[in-house]
Amino acid sequence: MTLFGHAISMPALYGQLLIGLINGSFYALLSLGLAVIFGMLQIVNFAHGAFYMMGAFAAYFLLTLTGLDYWFALILSPLIIGAIGAVVERLFLKRLAGFDPLYSLLLTFGLALVFQGLFQNYFGASGMPYSIPKQLAGAWNLGFMFLPVYRGWVIVASVVVCLGTWLVIEKTKLGAYLRAATENPTMVRAFGVNVPRMVTLTYGFGVALAAFAGVLAAPIAQVRPGMGADIIAVVFAVVVIGGMGSILGSIVTGFVLGVVEGLTKVFYPEASNTVVFVIMAIVLLVRPAGLFGRA
Amino acid sequence: MTATVDASAATDSTGRNRKANLIAFAVMALLVAIAPFVAYPFFVMQALCFALFACAFNLLIGYVNLLSLGHAMFLGLASYVCAHAAKVWGLEPVSAILVGTVASAALGLIVGALAIRSSGIYFAMITVAFSQMVYFFCVEAPFTHGEDGIQGVPQGLALGLFSLSNPWILYVFVAIVFLFGFLAIQRIVNSPFGEILKAIRENEPRVISLGYRATLYKLAAFTLSAAFAGLAGATKAIVAQNASLTDVAFAMSGEVVLMTLVGGMGTFYGPVVGAVIVVSMQNYLAQFGEWVTVIQGVVFVACVLAFRRGIVGELAARAKVTL
């Protein structure tokens, strides 16, 4: 099979589809975290990539310093990094509540520089290896391709966490409080709900989602200080394409764009790095508020 | 988000302002004149290029309240195009710089047309994404030579008369470009067009209701900002005799925000002061490696939390003038 002058082999196609789904898993988790934070705080968390990187490093430290393995890290790393996020919200972001949201953006941008610089200082540009847990080693033979078990696990874990978050926000009482506080925080406070605490916890939760993605990524990509900075621009494009307001939109767009990127690697590899941005430009022309966003 | 004195300042303060600006400009011109005798001229020239870059960025954030987090794309693209024009096409430096500037202005027009429909944080994210796209383009396009960049750019004879390989002539040339760019931006901001921009910053719906097409004004401001950023990048390519991925990378977009924030957003002299501080910081702290990034981040956080007016903004507020 040939297209645009490239010979396309089916195994390569399936392989890139799989890589696309995996990248999509990370895009979805990260853009979901950004959407959750944006919904409640009306800010763009520029430090999101840095928290993703710190999540991976937390897994690495848990293993090397305390011997706690991948499964502990999957729970503990989001808790630790999420707690750091909550502290950041309380110490810094809270003070900027009354100001133009651009200041909060600049603040998180500065924090991202601090975190990334610190890790680069101690670890350089090189990566730390983190091995795949033994329960998830090996590969399944699907007949048409081999699926490494760990990669299948990443996709499943991401889908479960994303849908779980969506269900909590859309279908539970806690989610109803959250949505209400987004619409009218003063009124919700008048009903006796501690909105400032909710804001802190929401920021912590969004950050924890990034850290969770970081732990998932640790065995696939190496644990590197630059891993967050590399992915964040694409995630921003994903958020712009999906539309800022929508939780489900950010999840769907994340997965779809991951797959589109994977397919581009097969059909037109030169454009694989830029395809997401090109799609963003087209979406901006047609629907400036994003595919799922409200104008 | 600017920290300038209210736009509707009393008319009797205009005289004060004019005087303060004259003094500030005289001090700056004097410093530009003596700087190469006290500091390493190459360093001063680079600082002047970055100062112009920051002034261009400030045109958007300071006077239209649009935060671009991808301005490196304009600096970097113009730098590449100018280097290519001078080296491969053999253009003399002034024409090469003009070609680079026009390339960035064109890119600004395209990106602006797409990004200007949104504002605030949405606008910021869109500029991040587009600059990343330009970065990947520069990594892969054959004429930029990827990781190597364009090296050994000839400085040549400006207008066929002045040999820029003479460091003194080069310094005068760069100083003229900087002062031209600085005064042009000041003129734009103080023109009727600039007044509309500031009105959009204060209350966009009202400007629209008065019959102005705010989107076109914003697009014009964005394109102008891109052009001046391009002028800075193209000049830098002639000064440094190279164009590399550093100038188009995301970190550069962050640095220009830092320069403007430290110096004072929405002030004419703030970006210049901020650029000199940030460039000196990088120069003198280079031995500390990645600590520079950490320090920059800390300065960022500190400025946002406690020093939103920046140095010049703070001085101007104390002296009750607009600088």
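Numbering starts at 1 and runs along the chain as it is shown here.
Cβ coordinates are placed from backbone N, Cα and C, and glycine is handled just like the others.
Here's what TrEMBL has on this protein:
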- B:22-43: transmembrane segment (TRANSMEM)
- B:50-74: transmembrane segment (TRANSMEM)
- B:94-114: transmembrane segment (TRANSMEM)
- B:121-143: transmembrane segment (TRANSMEM)
- B:168-189: transmembrane segment (TRANSMEM)
- B:216-238: transmembrane segment (TRANSMEM)
- B:258-279: transmembrane segment (TRANSMEM)
- B:291-311: transmembrane segment (TRANSMEM)
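Outside the transmembrane segment (B:168-189), and at least 6 residues removed from its termini, the chain residues within Cβ reach (under 8 Å) are 29, 32-33, 36, 41, 44-45, 48-49, 51-52, 55-56, 58-59, 63, 93, 97, 155, 158, 162, 197-198, 224, 228, 231-232, 235, 238-239, 268, 272.
Among the recorded stretches B:22-43, B:50-74, B:94-114, B:258-279, the one sharing the largest number of Cβ pairs closer than 8 Å with the transmembrane segment (B:216-238) is B:94-114.
Remark: the transmembrane segment (B:258-279) contacts the transmembrane segment (B:50-74), by the rule of 3 or more CB pairs under 8 A. The recorded stretches the transmembrane segment (B:121-143) and the transmembrane segment (B:50-74) share 3+ CB pairs below 8 A when only pairs 6 or more apart in sequence are counted, and are therefore in contact.
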